[in-house]
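Pulled the feature table from Swiss-Prot, pasting it below:
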| type | residues | note |
| --- | --- | --- |
| BINDING | Arg191, Gly192, Gly193, Arg194, Thr311, Asn335, Ser523, Arg584 | CoA binding site |
| BINDING | Gly387, Glu388, Pro389, Asp411, Thr412, Trp413, Trp414, Gln415, Thr416, Asp500, Arg515, Arg526 | ATP binding site |
| BINDING | Val537, His539, Val542 | Mg(2+) binding site |
| MOD_RES | Lys609 | N6-acetyllysine |
Amino acid sequence: MSSQSLYKVSGNIAANALVNNEQYKTMYQESIVNPEGFWREHGKRIDWIKPYTKIKKTSFDDHNLSINWFYDGTLNASANCLDRHLAEHSDRVAIIWEGDNASEQRKITYGELHADVCKFANALRSQGVRRGDIVTIYMPMVPEAAVAMLACARIGAVHSVVFGGFSPDSIASRVIDGKSKVVITSDEGMRGGRAIPLKRNIDDALNHPDVTSVEKVIVLKRTGGKIDWVEGRDVWWHSLLETASEHCQPEEMGAEDPLFLLYTSGSTGNPKGVLHTTGGYMVYASMTHEYVFDYKAGEVYWCTADVGWITGHSYMVYGPLANGATVLIHEGVPNHPSPARLGEMIDRHKVNILYTAPTLIRALMAEGKQHFDQFDGSTLRIMGSVGEPINPEAWRWYHEVIGHEHCPIVDTWWQTETGGILITPLPGATDTKPGSATRPFFGVQPALVDNMGNILEGENEGNLVLLDSWPGQMRTVYGDHERFVLTYFKTFRGMYFTGDGARRDEDGYYWITGRVDDVINVSGHRLGTAEVESALVSHELVAEAAVVGYPHDIKGQGIYAYVTLTRGTEESEELRQELRQWVRKEIGALATPDLIQWASGLPKTRSGKIMRRFLRKIAANEVTNLGDASTLADPAVIETLIETRLNRTE
């Protein structure tokens with residue numbers, strides 16, 4: 001194996017991990033050669049009401065698409081997260097909650113969570129919710145968000161969680177598409193010291209003329225802030241629980257019955273409702289959580305994602321709770337009121353496993369490691385990264401400052417559509433390379449293809465596809481199956497197209513290069529924007545960078561970089577030239593940025609993803625029609641970038 005920046009698995013970790021490298025190779029080979037046998041065995045990791053006898057009926061043929069797993073079995077997702085732990089672990093803490101203000105903390109045992117979920121499930125039934133109904137959840141990061149999801153699953157309702165930062169228009173489009181009968185929200189949420197007007201946003205969304213399906217709005221009292229009230233429609237959460245029973249028999253659901261809808265963010269046009277079903281999803285979420293994070297019984301696990309994203313669904317609620325973990329939920333942001341908050345929470349709650357995003361790591365990097373001088377971190381064992389490719393510089397900082405150079409990092413690649421992690425290191429099995437997602441999880445068959453769909457062998461770069469199904473895969477786009485087929489299975493026949501580009505190195509490791517539309521063609525040569533961004537961020541004065549292509553008379557496309565400098569660094573023409581030479585040295589002359597624009601901030605969604613379509617338009621000087629900016633955390637960033645753009649033609 002190439003030794004360049006290789007972090008080897010320590011003997012101690014390999015000896016104590018669920019799987020070592022030899023076991024990984026054996027299990028992976030079996031999962032590909034004999035998927036029926038492999039998943040027949042591993043499907044037993046969850047509890048079934050009626051055990052399955054049929055494992056897999058799948059086809060990626062776009063004329064005969066079929067995705068079915070464990071399809072004659074029945075189960076209940078809520079029972080798998082709660083009931084099955086009660087006999088032995090009723091007193092184990094299921095959820096540790098810390099509010100935006102650290103003085104607010106709660107601990108909820110599995111027994112208590114079970115009672116809360118049963119009561120709220122009965123409350124939902126009292127408001128007319130029935131099996132198959134769609135319930136929209138628009139909640140802050142409080143335990144009741146998980147309670148609402150599990151209560152829906154308990155009675156066979158389909159939850160559609162909308163991220164608590166989305167605008168009324170975004171909420172309305174999702175409610176309309178799903179024809180939601182009931183909406184669950186809160187008076188307000190708290191984030192970074194500010195109150196977020198959740199109920200007001202719901203009121204505005206439901207005033208949309210095309211919203212006609214909603215009958216009830218259930219409101220949790222979080223802050224006690226002033227809200228408007230619609231008599232006959234609105235009802236308090238606590239009022240419903242006063243008369244609700246703690247006993248609620250879980251509904252028997254088919255493996256292929258829907259569990260939830262989750263609308264993908266950042267897409268143009270109508271929202272895309274990703275539909276996940278029950279059996280395969282629960283098997284895959286619980287299995288990936290256990291193996292990827294090398295989870296051991298009773299450990300404290302902290303996923304910093306919001307419950308409104310797929311990461312919150314799979315790796316804050318369903319996966320960890322199915323495995324009986326103690327889950328830390330944080331209402332605010334882990335760098336408020338100071339960058340020390342992340343370390344303080346790890347120490348305060350004795351966190352063993354941390355799963356967070358590169359955008360947070362880079363934000364902490366920019367503030368400086370002095371904020372972690374008092375950080376102990378001795379309980380931390382495994383660290384994960386999710387959401388986008390992590391640049392090597394941020395990886396190393398994470399490893400050194402947060403992990404104290406003893407915690408393996410699992411850099412995970414997956415999507416809303418995949419339900420769970422697809423490409424990832426395993427802590428006891430995989431030597432890691434900063435920036436690489438490394439190898440596929442069990443049952444996952446990645447491949448690289450050229451633009452004609454020809455499979456590329458060996459060390460190569462191309463479009464990332466998947467050759468066969470896995471249990472956590474989405475089943476359809478809600479209400480638009482043709483869109484599902486067209487988006488994922490028409491581009492490359494017989495394959496699932498991820499929309500991402502990747503390269504495979506000499507060791508067979510995968511490096512995600514970004515969305516295919518984040519590839520720049522400079523003078524006939526393809527350059528992944530992630531590669532140029534990583535080079536820029538490896539400079540000590542650069543906190544964050546985003547790179548896009550723009551029309552260039554000679555090269556076809558030029559390279560336009562937006563650069564945020566570290567705190568206290570002065571912008572100058574000299575530094576601009578230094579960065580151009582830095583990238584030239586790191587990658588080569590071809591990758592030298594043509595234009596570098598200083599950016600005090602980048603346009604991001606509230607989950608931290610950079611909205612590159614805005615950056616592409618600004619770089620191309622197309623600033624009159626930027627499109628919908630409702631999902632941006634701070635729309636004012638766009639105005640600043642437009643005013644300071646470098647590619648003006650007028």
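Glycine is no exception: its Cβ is also placed from the backbone N, Cα and C atoms.
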I need the CA-to-CA distance for Val537 (Mg(2+) binding site) versus Pro389 (ATP binding site), whole Å please.
13
What is the separation, in Å, between the Cα atoms of Val542 (Mg(2+) binding site) and Ser523 (CoA binding site)?
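Cα to Cα, Val542 (Mg(2+) binding site) and Ser523 (CoA binding site) are separated by 27 Å.
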What other residues of this chain sit with their CB within 8 A of the center of the CB atoms of Val537, His539, Val542, the recorded Mg(2+) site?
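The surrounding set, listed in chain order, is Glu393, Ala535, Leu536, Ser538, Glu540, Leu541, Ala543, Ala545, Val563, Leu579, Trp582.
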Which of the recorded positions Gly387, Thr412, His539, Lys609 has its Cα nearest to the Cα of Arg584 (CoA binding site)?
His539
Does anything in the same chain, at least 6 positions from Pro389 (ATP binding site), have a Cβ under 8 Å from its Cβ, and if so what?
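Once residues fewer than 6 apart are set aside, Pro389 (ATP binding site) is near Pro358, Asp411, Trp413, Gly435, Ala437, Trp511, Ile512, Thr513, Gly514, Ala530.
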Return the residues near Thr412 (ATP binding site), defined as same-chain residues 6+ apart in sequence whose C-beta is under 8 angstroms from its C-beta, sorted by sequence, else 'none'.
Val292, Gly384, Ser385, Val386, Ile421, Ile423, Thr424, Ala437
Counting other Cβ atoms within 10 Å of each Cβ, which of the binding-site residues Thr416, Ser523 scores lowest?
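The binding-site residues Thr416, Ser523 were compared, and Ser523 has the fewest Cβ atoms within 10 Å.
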At its widest, how many Å does the recorded CoA site span between Cα atoms of Arg191, Gly192, Gly193, Arg194, Thr311, Asn335, Ser523, Arg584?
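So the maximum pairwise Cα distance among the CoA binders is 48 Å.
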Near the Cβ of Gly192 (CoA binding site), how many other Cβ atoms are there if near means within 10 Å?
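Excluding its own Cβ, the number within 10 Å is 11.
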Which of the listed binding-site residues (Arg194, Arg584) has the least company, meaning the fewest other Cβ atoms within 10 Å of its Cβ?
Arg194
